[in-house]
Structure formats: structure tokens, C-alpha cells
Ligand code: S3P
């Protein structure tokens, strides 16, 4: 097992970084490029392992995808342009790849098998396989359709009216992608608003999708047209440096071109509530995916309660918010976040276990955690548990530690932020 010695006892972070492309939007750009007609180009695509898994799956489905100087070219020929793969479709560690891909494959009249790594093998798939079976796809998987490997023979899809049992953009997107191939109008009801990149991209590619509060309606049989997509920086990656800037003394960090889609900005709201010294400079307000620059300086933070509808807008940021809360005045309570248990790891358990090793006062609850502030962080051997966001959170925690910190399995970080350590080192110097 590989491990690295993390930088500790850091006195200040200073400088500017360009946040790499958004993971959710990068995945969707490849998928929409593949199902649209014509040549789609993608700039600022995230070359993280997860998004590379999406490219590899679509190549196996017969789509020509070229990469030159960081720019992708995808030659789409509509849903009908996809062909039966002769190999397994391996999604690696990527939940977005497998769930959205299932929605696409559900309408294709051929056989395919989806596999992934050990973590994917533990993540619940019934939430997607059940409604897709209701629409008419033939799907089987380990434990009655619950876990990978998953075999799909797509079919003629019938639209459904479906109430999502969990607030999940992956499930919603899978049903929208299946709905685009169904014979009529598919209606989806969300329990809380989740990231809407799929809806925005349908519109960008010339399609139509209606949204009325938490009800989403999409007609099947639409023809999508290739586009030039520019991917904004990932706010979920920026979050690590927002937290670092707020909690490391004498810091001043500028994060350039960060995606500011309002279904993703819960972290900004929490920073403000906690009293962070944060400035937001909006830039592309009117584009399909708005973005801007963020400036964060060392802040005097106060604990807060995070619960309810804001949870889906910051679900991936909870590990780093937990770390930030260890440095705030007072207690922070995170509730209604049981979805954390089915992420790349059980993120309630892994966050609590690893931060406790470093001396934090943090407890797990049934649906979140309670974090006591003003903790002095010490040191020790910690693990990412193979989860990119746990690895990055621990690297930021180490900056405050006064003892040595060793991180096991740091390689997981390349899933979403391959140049994370070079960006961090640039800010330390
Ligand atoms: C994602 C949706 C979220 C998020 C994941 C990416 C997406 O998952 O945690 O990192 O791109 O749609 P859920 O839909 O399971 O909440």
C-alpha cells in the first residue's frame, strides 16, 4: 500500500489557481456528444480517472472520440449510432458513469455488461435498475438487480411517471436519458432539487425539457445537435481550497473560473453562514453553466446547522465542511445526509474515523455528524479508504497538524483532481 508524507504545520496559503473542469459536466459532455448528431468539442474537460472511464465506455460503444491539446472531439450519430460492445464496459470507480450509462443503454436494442471496482460493487443500483425495468429494459444484476456486474438488454421504452425515492441527480439523469428514448412523455418528481447539469445540457444541445418546481418532464424522440461545450471549474474541487484558505492562518487564495450553478453552491452558502471572508466575482451569468472567481481569506468561523434541502447542493463537500467545522467556534451539526453512506465510501464513517485519528472532536449520527469546534489537530497515519474526497480532505487537515501525517492510498485523488498536490504545493510556497 502506497503512502505519502503530507505537508504539516503550514503558516499560510497564498496565490491563484485555475480549478480543473467539473466532473459532473465533463461526464455529461461526453455522453451528450455521443448521443447528439455531429461533432461536439469539449474544452477544459476534466482528465480525472472517472471521466476517462466514461470516454473508454463510449469508445467501446463505437463512438469516435479524439483528444488533442486538452480538447475533446466527439463524433456523435444519435442514440442509434451506439453499437453493441464486444467487451465489458468498465466504469472503474465512477457512480456517475454507471448510472447515467444505464439510462442510455436501457433504450438500446443490444446487450451490454457493466462492471466497476470494489467500491462500485457495494453501491446501490436498484434505485436505477427498478425504474428502468418499469420502462421496459431487461436488466439483471447481482442480488436481484442491486449490485454490479449489471447486464442490460435495452428495449422499446414506455414513459413512466416516477417519484424518486432519494434526491439523486444520477438517478434523475438516468431516467431523463432513458426518457429521451421512450415513446411519449416521462415525468420525474424529485424529493429535493438536485444538480441540473443534465437538464441544462439538453437545452444546450437543442432539446427541450420542462421543469416545474420539482417536476421534470421530457419527451422521447428528440434529436440533439452537436455543440461546443466549455466545462467550468469544479466547485467540489474548489471546496478543498475554500476550506483551506478559511482555516489556515494568513491565507489569501483566488480560485479562477469556478462553476456557480445554483444547484451546486451550498458550500458558498455554508461558508457565508459560518462567517467566512469570501468574495465572489460572477463572470458568465448567462451561459448554460455560470461561473466566476472566488477569493477566500483566513476567517473567524462559527459553527452552524446544515440540514434539509441544502444537503443535495453540497453533498460532495460534506467531508471538507466537517474539517472546517473542527476549526470553528462552537458546534456544527449535519443532518439529513444519510446518502453519504452510499458514496465512494461510507463518508459518515470514513470522515469521523479519520478526523478522530488526527485529534478532532467529531461524532457520527444516524444521518450525519456532530463536530465540536476549536480542535487542535495533531498527527498520525490516515487513509483515503480509496475515496478521492477523503484523501483531499485529509491533505488539507494535515496543513494544520503539528505532528507528522502519513496518508495511505493517496492515488485515489486522481479520480477527480489529478493535479491536486501540485496546486496545493503552489499555494504553500
Ligand atoms: C453526481 C451526483 C451526486 C454526486 C456525484 C455526482 C452527478 O450523486 O454525489 O459525485 O454527476 O450527477 P447522487 O446523484 O448519487 O447524489
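Using N, Cα and C of the backbone, Cβ positions are placed for all residues, glycine too.
Features reported for this protein in TrEMBL:
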| type | residues | note |
| --- | --- | --- |
| DOMAIN | 9-424 | domain 'Enolpyruvate transferase' |
| BINDING | 23, 24, 28, 168, 170, 316, 343 | 3-phosphoshikimate binding site |
| BINDING | 23, 95, 123, 170, 347, 389 | phosphoenolpyruvate binding site |
| ACT_SITE | 316 | active site, proton acceptor |
Position of peak Cβ density within 10 Å, selected from the binding-site residues 24, 168: 24
Chain-internal residues near residue 389 (phosphoenolpyruvate binding site), provided their CB is under 8 angstroms and they sit 6+ positions away: 236, 316, 319, 320, 343, 344, 347, 416
Cα-proximity to residue 95 (phosphoenolpyruvate binding site), 10 Å cut-off, over binding-site residues 23, 28, 170: 170
Distance-selected binding-site residues near ligand 1 (C-beta under 6 Å), from 24, 123, 347: 24
Other CB atoms, at most 10 A from the CB of residue 123 (phosphoenolpyruvate binding site): 19
Longest CA-CA distance among 23, 95, 123, 170, 347, 389, per record bound to phosphoenolpyruvate, angstrom: 19
Mapped DSSP class for residue 343 (3-phosphoshikimate binding site), helix or strand or coil: coil
Separation of alpha carbons, residue 123 (phosphoenolpyruvate binding site) and residue 23 (3-phosphoshikimate binding site) (Å): 19
Residues near residue 170 (3-phosphoshikimate binding site) in space but at least six apart in sequence (CB under 8 A): 95, 96, 99, 100, 128
Same chain, 6+ residues apart, C-beta under 8 Å of the C-beta of residue 28 (3-phosphoshikimate binding site), given in sequence order: 100, 173, 197, 198, 201
Local Cβ density at residue 347 (phosphoenolpyruvate binding site) - other Cβ atoms counted within 10 Å: 25
